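J.: Questions regarding the structure given below will be posed in turn.
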Amino acid sequence: MLTISVPATSANLGPGFDSIGLALDMQLTLQVLQPSDHWQIDHPFGADVPTDERNLIIKTALHLVPDLQPQHLQMASKIPLARGLGSSSTAIVAGLVLANELTGATRSSAELLEVATQLEGHPDNVAPALLGGLVVATNTDGRVRAVKLPLPMLFASVYVPNEPLLTTASRQALPTELAYHQAVTGSSVANTLVAALATQNWDVALPLLEQDQFHEQYRAKLVPALQTVRDHAHALGLTGTYLSGAGPTVITLGDYGQLATLQAQLSQDTTLTGQLFLLPMDATGVKVQKS
């Protein structure tokens, strides 16, 4: 049996808009049960998620290999849909690896990343899903360039609101252009953040996660929990709270003990009715097991 596991991802790390992402230890697992005369995928997400060729995992696999032999698949996932934790990216990566494995192809991670970025539109979710850990990536001149940084010895306090926020709606909240001085500030903050992440200088990196100039201020009205969680963190002397992906999930990075204290506070706030997770990073990205 072929089993593929793909980690959840958190993109747009602070000012790292569309470019910095990390993998979290929350998995989508895909099992290949047996060949079939038609595509079928069993999953726990109900009627809104297709179980045939319209399913994103299968669509992606067929994009890579159009004549792929149909299979009966089973998918389990702890990653909530449309919450800013890379649910679509994990499906895309699972589909690409599925096609790669079923055909015995030897496409490299770099080749799969190129295709995944074409399908997703930007690399900051698909790159950590493929590679694991903390990844800085860009898609320019028709080429994806990704750099995997040392794995942060940090944990993530993850607050997931009950209501989804579709990426399309969240994107519509963004301006079509930025003032020059704001763009320069955003660039300098992002550059310094990357340097701090690369050297694991958390005294610099964690505050900079809250200095985004590109998207959070425009999306904040759609995600009131962002300021609420940040206020609780600041009351404990913690920085490092940011909007994960397009939202609505809010993440705070830090020490396990400090984040456990934060989550105890968040659980007492009656305005926060969603789910809380305290997660380590995923170091390896997509994994394949054959049995």
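Glycine residues also receive a Cβ, built from the backbone N, Cα and C atoms like all the rest.
Residues or ranges marked as ATP binding site in Swiss-Prot: PRO80, LEU81, ALA82, ARG83, GLY84, LEU85, GLY86, SER87, SER88, SER89, THR90.
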J.: Other residues near the ATP site, CB within 8 A of the CB centroid of PRO80, LEU81, ALA82, ARG83, GLY84, LEU85, GLY86, SER87, SER88, SER89, THR90?
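T.: Neighbours within 8 Å of the Cβ centroid, excluding PRO80, LEU81, ALA82, ARG83, GLY84, LEU85, GLY86, SER87, SER88, SER89, THR90: ALA8, ILE79, GLY245.
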J.: Which residues of the same chain, at least 6 positions away in sequence, have a Cβ lying under 8 Å from the Cβ of PRO80 (ATP binding site)?
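T.: The answer is SER87, VAL160, PRO164, THR249, GLN275.
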J.: DSSP secondary structure for GLY86 (ATP binding site), reduced to helix/strand/coil, please.
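T.: The three-state answer is coil.
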J.: Counting only other Cβ atoms and using a 10 Å cut-off, which of the binding-site residues SER88, THR90 scores lowest?
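T.: So among SER88, THR90, the binding-site residues given, the one with the fewest Cβ atoms within 10 Å is SER88.
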J.: Looking at Cβ-Cβ distances, which residues of the chain lie under 8 angstroms from ALA82 (ATP binding site) while being 6 or more apart from it?
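T.: Spatial neighbours, sequence-distant, of ALA82 (ATP binding site): PRO164, LEU165, LEU166, THR167.
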